[in-house]
Structure formats: structure tokens, C-alpha cells
Amino acid sequence: MFFVSSGLVAAAFYGIFLATNFSQSKSGEEGILGLILEYLPSIAITIGNFVVPLLCDQFALIERYTPSTTVIVALLRAVFLRLMSLVILLFTLWRQITCEGNSEGERCKLCQYNYEDYPCWETRVGQEMYKLTLFDLIINIAVLVLVEFPRRMVVDNWSNKLTQWVGRQEFVVSANVLGLVYGQTVVWTGALFCPLLPLINTINFIFLFYFKKITLFSNCRPAQKTFRSTTSTFFFLVVLLFGWGLATVVMVYSVADVVMWYFIALASVYGKTVALLRAQLKLEGRDKQFLVKQIANLSRIQILKHTAAAHE
């Protein structure tokens with residue numbers, strides 16, 4: 001079952017890669033189709049983060065781990081999936097922006113990046129982080145309205161073996177905290193490219209707090225498998241540290257590239273100026289040679305005139 005779970009995670013990563021490539025290649029579409037294509041990477045990431053952990057949890061039941069081991073394995077899978085999905089998205093964008101790292105490519109030779117498809121690549125990266133934040137809020141609201149409330153109503157009003165087996169939704173603290181850590185990582189990653197993203201995420205967290213509070217008291221039952229508070233605090237701080245490290249790498253690389261592209265552009269401008277000055281100096285040298293020849297000819301003529309006058 002470990003290989004099946006790993007295969008599901010790998011399939012989710014590959015789906016994110018394909019969705020991002022397809023979305024960027026169809027960026028010129030308009031209308032409803034264009035809107036769907038714009039949000040396709042965010043949709044793929046959100047579906048992967050939502051569906052794959054559920055399937056892996058079912059496989060964990062077959063593996064018959066101890067309750068504490070089951071919780072730890074589920075959290076590790078969820079952390080790996082969420083952080084790596086963000087890495088896959090950024091890597092795919094990097095490949096397309098930098099012509100797969102080939103700065104001498106046809107589209108990247110002039111500006112050292114794909115300026116035809118990404119005139120302002122920073123804006124595109126910021127847009128992707130903004131869409132991830134927005135779509136995460138939409139999915140949370142949709143799950144609350146379309147899944148958790150109907151599930152509670154069905155379980156409370158219809159008593160049979162199926163509803164008793166399904167039961168109310170469990171409020172898993174660790175999974176919800178992990179969602180907050182993931183949202184904070186997205187904000188750290190995109191804050192350089194979308195300065196309003198921290199404010200947007202603050203509003204997002206306020207809404208999420210009240211939505212989670214409503215669903216906790218109205219729809220949920222306590223989780224059967226718990227995570228010790230001391231262990232969970234350390235674990236989530238470590239995950240937050242990894243998220244901060246990922247955002248720092250992206251920020252340092254982006255700033256270094258912007259500075260490098262600035263000096264490349266500056267060197268290009270200076271190179272054109274130097275070439276223009278060289279051409280000007282050549283023209284001035286030719287003018288001087290022409291003037292020297294003219295002066296020499298005039299001097300020769302004057303000398304001949306003076307010599308002829310002296311003989312007369």
C-alpha cells in the first residue's frame with residue numbers, strides 16, 4: 001500500500017505539472033473557458049491536496065498502523081504533498097519563464113527570459129499565488145456548504161447502518177492547522193510579487209476562522225485519533241520553517257535574477273553607447289584626415305604660388 005500511496009502522490013504532482021503547462025499555453029483564451037484555464041493550476045493543486053490524503057487515509061486503514069503512527073504518516077504525506085505541489089508549480093513556471101533554463105534560446109536571448117509570453121513574469125507568479133489563496137477559500141466554503149452541512153443533516157435525520165457508519169464529520173485539528181501553515185507558505189512565497197497578498201490572506205483567515213467555528217459546533221464530532229500537543233507544536237513549527245525556507249529560496253533567487261537582468265540590460269545599453277562612440281570617433285578621424293589633406297593641398301598650392309611669384 002505504501003507504493004500505491006506514493007503513486008497517488010506522484011500522479012498528483014504530474015497532474016499539477018501538466019495543468020500548469022496547459023494553462024500557460026492557453027493563456028490567450030477568453031470567456032468562461034479562459035477563466036477555467038487561468039485557475040486550472042490552482043484547481044489541480046486544491047483537488048490533489050483534498051483527494052489524495054483521503055485516499056491515503058483509507059489505505060492506512062488497510063495497513064493497520066497503530067493510531068499514533070497513522071496520524072503521523074497521514075500528516076507527513078499531507079505536508080509533503082502540499083509543499084511539493086507548490087514546488088512543482090513554481091518549477092513549472094520557472095521552466096516556461098526561463099525557456100527551460102536556456103538563456104540563449106530564441107525567446108530568451110534578448111532579455112534573458114521569455115519576454116514574449118511573460119512581459120512581466122513577476123506579475124504572473126503573483127497572480128498564481130493570489131489564485132491559490134482565493135481558490136483555497138472558495139473550496140473551504142464549498143465543503144462547508146455542500147458537504148459538511150448536508151452530511152450532518154443526513155446523519156441526524158436518517159438512522160440506518162450506513163449513516164451510523166459514516167457519522168458526523170471529524171474535526172481534525174492537525175489537518176486544519178496544516179491548512180493554515182500551507183496558506184502562510186503561499187503568502188510568504190507570493191508577497192514579493194503580490195504586495196497585497198498578506199492583506200488578502202488576513203481577510204481569508206478571518207473568514208476561515210468563523211467558518212471553521214460554525215462547522216465545529218454545528219457539524220463535527222471530536223476526532224478519534226489525536227496528536228499530542230507538545231509533539232504537534234514542534235511538528236508544525238518545523239513545517240512552518242520548511243515553508244519559510246521555500247519562500248526564502250524563491251525570494252533570493254528572484255531578487256538575484258532581477259539584479260542580474262538589470263546589469264545585463266545596463267551592459268547592453270552601455271555596449272550600444274560604446275559602439276556609437278567608436279563609430280563617431282572613426283568618423284571624426286576620417287574628418288581630421290580629410291582636413292589635414294585639404295590643409296596640405298592648400299599649403300602646397302600657396303608654396304607653388306609664392307615660388308612662381310619669386311621667379312617672376
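Glycine is treated like the rest: Cβ placed from N, Cα and C.
These figures come from a predicted structure and were not determined experimentally.
The transmembrane segment annotation in TrEMBL covers 6-23, 32-52, 72-94, 132-149, 186-211, 232-253, 259-279. Look at TrEMBL and you will find 120-229 tagged as domain 'TMC'.
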Helix-strand-coil residue split for the domain 'TMC' (120-229), DSSP-based:
85 helix, 6 strand, 19 coil
Ranking 6-23, 32-52, 72-94, 232-253 by the number of C-beta pairs under 8 Å to the transmembrane segment (132-149), which range is first?
32-52
